[in-house]
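Feature list (source: Swiss-Prot):
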type	residues	note
DOMAIN	7-236	domain 'ABC transporter'
BINDING	Gly41, Pro42, Ser43, Gly44, Cys45, Gly46, Lys47, Thr48	ATP binding site
Amino acid sequence: MSDLISQNLNMIFKTPKGETVHALKDVNFTLKKGELLTVLGPSGCGKTTLLNITAGFLRPTSGAIALNGNEIDGPGVERGMVFQQGALFEWLTVAENVDFGLRMKKEDPVKTAKKVEEWLNIVGLQGFGNTPTYQLSGGMQQRVALARCLINDPDLILMDEPLGALDALTREKMQSLVLKIWKETGKTIILITHSVEEALLLGERLYVMAPRPGRIHKEYNLPFASMGIDGDLREIKKTPNFVSTREEILTMIWNMEEEIMGKDI
C-alpha cells in the first residue's frame, strides 16, 4: 500500500486586506512507504503549508491527503514532527524530553527507560540522559528532538527545516545522522529545506515547488541519499552529477525569485 497520497490539494488564504493567496494549487503526489522526500523552493511556494496540512495542523480548502488510506483531518500519533527549533521542554532532562510522549500514554516505565537508552545511543547522546536540556548545544538539542519523535514509532516523519539553524559542521553531521536513521528504521520522511545542497544530499526524491500559486514545479529522482548512507557527503558534493543538478536547480529557483521580484515592483 502507498504510504501518503495527496489528491488535488488546494489551500487558499485571505490576507488582512482581503486579498486571496493561493498557497497551494492542485498538488498531487504519491509517497511510498520508506521513501525520503525533500521539498525545496523559494519563500512563499507553499512548502511549509504542505507540511502543516500533512501534519494535520491545517485543513485544506479543497482536496485531500491520506496516510495508509486514512484521510488526514488533524494531528495523529502515526505522524511525528521535528521543527527547525527543537521545541523541547528546556527545564526537563534529555531523557524526560525523549520519553515525554510515552509517559503521557502511561507506557511501562521499565520498557520506556530501555527505549530511551536505545534511541539516545542511535542519535549519539549516550550518557546524556540526566543532562538538563538547556545545557545542550543546538545540534545536540536537535538530536534530542529526533529521538523524541522516533521513540513514538510514527509511520511518517515530518521535518520542517530541522537543520537550518545549525552551523555548517554540525549541519553536516546531522545530515549524516538523518540518513543513518532513514536506513536503520525504514521510515517514510518528508524534509523541508531552503538549502539546495541539503535537498540533493538527503532526498531520494526531491520536489522543487514554485510560488503564486504554490505547486510542484519539477520532481527529481536522485542517487545521492543512498550514496551518502555509507559514503562521504563532501565527496558526493564534488561529483559531476551532483554539481550539474545543483546548478540546474539554483538557476531554476533564481529565475522564480526574479519573477516574483518583478511582480512586486
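Placed from the backbone N, Cα and C atoms, the Cβ positions cover glycine too.
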Query raised in the report: On a count of neighbouring CB atoms within 10 A, which of the binding-site residues Gly41, Pro42, Gly44 is highest?
Result: Gly41
Query raised in the report: Of all the binding-site residues given, Ser43, Thr48, which has the fewest Cβ neighbours within 10 Å once its own Cβ is left out?
Result: Ser43
Report summary line: Counting every protein chain shown, other Cβ atoms within 10 Å of the Cβ of Cys45 (ATP binding site) number 27
Report task. Just jot down the residues in the same chain as Gly46 (ATP binding site), at least 6 apart in sequence, with C-beta under 8 A of its C-beta; none if empty. Result -> Met11, Ala23, Leu24, Val27, Met209, Pro211, Pro213, Gly214, Arg215
Query raised in the report: Given the recorded ATP site (Gly41, Pro42, Ser43, Gly44, Cys45, Gly46, Lys47, Thr48), which additional residues of the same chain have their Cβ within 8 Å of the Cβ centre, ordered by sequence?
Result: Met209, Pro211, Gly214
**Report entry** Residues near Lys47 (ATP binding site) in space but at least six apart in sequence (CB under 8 A)
**Finding:** Val39, Leu40, Gly41, Ile192, Met209, Gly214
